[in-house]
Every structure is written in C-alpha cells, then in structure tokens.
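What follows is one structure encoded as structure tokens, with my remarks underneath.
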Amino acid sequence: MLRTHTCGELRVEDEGKKVKLCGWVDRIRDLGGVRFIDLRDRYGETQIVCDVNSKAYETVDELTRESVVLVEGTVRRRPEGTENPNIATGEIEVVAERIEILSKAEPLPFYPNETPKEEMRLRYRYIDLRSKRMRDNIILRYNITRVIRRYFDELGFLEIETPFLTKSTPEGARDFLVPSRLRPGKFYALPQSPQLFKQLLMISGFDRYFQIVRCFRDEDLRADRQPEFTQVDVEMSFVDVEDVLSVSEGMIARVFREAIGMDLKTPFDRITYSEAMEKYGTDKPDRRYGMELRDLGYAFEGTTFRVIRSVLEEGGSVKGFVVPEFASEMTRKKGDELMERAKELGLGGLIWFKVEEKIVSPHLKHLEREFKTIVEKENLKEGDVCLIAAHKDRNLLNEALGTLRLEIGKEYFSHLAKGFDILWVVDFPYFEWSEEEERFVARHHPFTMPVEETLGDDHTKVKAKAYDIVINGYEVGGGSIRIHKREIQEKIFKLLGMREEEAREKFGFFLEAFKYGVPPHGGIAFGLDRLVAIIAGENSIREVIPFPKTGNGVCLLTGAPSSVDEKQLRELRIRVEEG
C-alpha cells in the first residue's frame, strides 16, 4: 500500500508516528518560513506542515490545487490555540519530510465545494463528486443500501437477480429496446421493473425475495426523473396487506435509525385515496403545511352569485382552503396572480377574502353573507386568507386547489417543511381514465389483486389491494397484493380491453405459470434514489446519483446517447431515418 493511514484517521494518540498519506491537495498556504497543505481524501482532511529546511518545502512550489500527492512525515500535536475543531484530525498535523507528486492537476473548470451551474457539474462530475456534499450523499446512499440488505437478510429474504434483457410488454411508459444481432428483427427490452419475474419467483417457491435493482423507462422526463433508476424490490408469499406494510415500515424505520439516528413512530399513519384527494388534492400529500381542502358548499346555499350558483345547479362543488396569517401577502396583485394560476390549472377562476379588522375582498359586495358564514364555521382568525373555487368536475377542483395549496406552502411556508411526514395511502381505485389512450388503464399495474367484492363491469367501482408510501409529498414506494387466480387475471385483462390473443402474445409465459400452483403473494418497490434524496435533504435525485442524466436524458459526461458506427447498424440490420 502506498499509504499507511487515510486523511481522516490520525489522532493525538498517533503523535510521533511515521506515516504515509495519499490524497488531493485541497489548499496551499504560504506563511513565509512554513507552508501548509490541506490534504484530502474521502475519509477526511489532514494538515500537512512543510518547514523551510525540508525537501517537502521545495516540492510545494510545483504543486497545484487538486494534484494527487504522497506525503511522508511524522505526526505531531498542533500547537495550543491552532487546533481545528471542525475536522476529525484537527488536533494533529503531519510534518512532511518528503512529498511525491503522483499526478499534477491542471487548472480545473471549477473546484470542489464551489457551486457552478448544474450543466458544468454534470459535465465534470468526477470533480463535483470530490465535494463534501456529494461525498456525504454517496456515502449515505451506500450506508442506506447496507442497512436494507442487512434488514432483509435478518428476516430470511433472499437477494435474487432477475434479467435485464427481457421481453417487451408495453404497459404505461415506453420500453428501452435492445436489438438482437443473432435474431434480426427481434428485440429485447430493458425492464421497467422486475414485476413479472418476482412473481414467477413466488410461483417457484422462493417465498421471500428482495433485490436492489436498476430499472429503465423511456418516458418523457418530468421534473426530477431519470431514464434509469434504482428500486428496492420486495415480494413475499402467503401474506396479506398488513404483512407487507409491517415489513416495509420495519425497513424504513431501520434505515432512518441506522443511517441518520432518527427513531420513527410506527405504525405509520394511513389515509384512503379518497381522503387524500378530498383533503389535499393529491394522492401524494405533504401534510406539513396544513391548509386542508374544505367543502364550503354549505356557505353558498341559496347564493345569488351567478358563477357559483350555476356550478351548484349542475351538481358541482365549492371547495377552498385557509392560508393562516397570509393577509399581509394577499394584495390585489397577488390575488390576480393566483387567479391566473387557477385558470392555468383548469378552474374558471378564484374567489378570495382575508380577515383583517373586517373582511376584505374584491368579491365582498356579492358574497359578504357567504364569507361571514365561512369565517364563523371554519373559525378563521384575523390575518387568515380563504381561497375558494367552484367546478362541476370535483376531481379537477380537488387537484387544482391541491396544486395551489402546495405552491403557496413551498413559497411562503418553507419553515414548516421540517422533519418527515410519512404515511400510507390505501384503497386506490383500480382503474383510471387515460385521455391520451381514450380507455381505462390500470392505476398501478394489471397484476394487482382487486377487492373481489368490487370486481364487476363498472371500471369506476373496482378497488385495488394497493398501497403507496409517501414521505414529504413524494411517493417513495408502491405495491399491492398480486392476483394469484387465473380467472381474475383474465377478467382484469378483459376490463383493460385486452383481447385474449393479445394477452397471450404479451403475457403467455406468465399466464402459463398460473396453471401450475400460484401462492397468494404481494410486495412493494421503493424508489431508492428518492428515499436517499429525502433523507439527505436534497430536492433533486440527481444529487444522490453518482452519474445522473440531465432532465432530457443526456449524460453530459460521456455524451450519451450518441451516434454509432454504420457497421454496427448493418450488423443489427437497422437503418436510421434522418429528421
């Protein structure tokens, strides 16, 4: 080994030892008769002292920041008053006798711990990863995966790998396709998840499976998504919903306790999908901001205000939420901004009032009685603001108000977004209508067990034995009890409009397995990238992935995706169309 110790290892107890350290030159300071180098590696930092009479002193003239060096020297206690309490090695320094330059660095585009634009950080990711922030995040990620593996091992789970080259079964996002050279015109697909394989493992008798696995989705990348991502994939046989939730809570609690020393209260809260939509306008609620949506129809019974009256006559709803102590921010200009945002979200407009010494609102002339009713019933206090909207589509109304609630919360109440709000969302509808495909699609996936009493021909009434875990408004995991009866699986395919021959073409190998003994089973998949980002306090998953893609799926470091050699395309019998 070139080194005897790391840069974060030496302590006062090592005083007098001859040591060799290797690392990057973080900083150089010249105080005349003595020169100091802060030497850094992933373990920490050590101060190197180069006295004027040493060979090491002369070598410093050749050094540049971020050069990689080997230092030989002796450990000594720092003089009293010069200790650095901010680093683990702050009580000692190494008096250098020799410095060997292993790799001299040219001037860098930026230096670790600087914060250039993200494009620059991604282009030179190997420099960015030297920063303390990124180093801590990557180490945290490793520690979390280590805890997860240990947890499942203790419970008797087996970590089993599943194929990356598999069959395309397009449901939901597009597959990444891989052409086969040996079978021209045929394609593999990279897995969007190991869903079918983990169910086949249950059918194979491996009753407790987990895997930390890469997954791939060729989708239009929304904010903070990646085309390749990592799941903690879990499946169990002979279980019900309570079993899966209990094991999942144990994993999350263990991760928080061992990774960041935080004890979580279990079991976690649970709310139904319906309750989440009614109170928060989303199935991924962040409850830390408060401001629950409220049904305000009672205040508008018999109203003469035409806009709301017409909505109510059509069977629509009136809802709103209270923003506490927001009156000083709620100017006419702010009201106009929120009005425009409400229209962007599909609402006809927005009504608002604030409580000061009296009620203030541009709508007061027409709605004073209604506002006073709301103030009394909802116990509004001076300084509170109430935002109100009406629409005949209750789902749209909930979602639009939920978005406004969250945007106001993040902009004005970020001080409330402390800690971790963890809950389960349960009792999902099985199907949702896809405007793009003009048909009902499975909200989770078509292998989810329905609540059998609800399984009929009316898509809107079918419930799923599905569950999502949400932390701070992000879906961190989702799963379900799976179908283990062939007739139910065929019924679901039929409700999805999938013909028998189409189902056989896509899932024949899977349906064949249903003939030969399928245990009741269920599972869950956690998004590791998102879980780590939340625990690290990062807003973007790119901050916890060593080599992420940009928002449009490009690797700025390598230039992927890129053109390939014409010979490779000919071997695959692929022709690229221009434009």
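Note that the numbers count up from 1, one per residue, in the order the chain is shown.
Glycine too: its Cβ is placed from the backbone N, Cα and C atoms.
The region 'Aspartate' annotation in Swiss-Prot falls on one of the ranges 91-94, 195-198, 535-538, namely 195-198. Among the candidates Q211, Q226, the residue that Swiss-Prot annotates alongside R217, D218, E219, E475, G527, L528, D529, R530 as binding ATP is Q226. Neighbour count (other Cβ atoms within 10 Å of the Cβ, all protein chains): 13 for E219 (ATP binding site). Cα separation, R482 (L-aspartate binding site) to G81 (site 'Important for tRNA non-discrimination'), rounded: 65 Å. In this structure, the C-alpha atom of H444 (L-aspartate binding site) lies 13 angstrom from that of E475 (ATP binding site). Between the alpha carbons (Cα) of E219 (ATP binding site) and G81 (site 'Important for tRNA non-discrimination') lies a span of roughly 58 Å. Restricting the average to the region 'Aspartate' (195-198) gives a pLDDT of 94. Around the Cβ of R530 (ATP binding site), a 10 Å sphere holds 21 further Cβ atoms from the protein chains shown.
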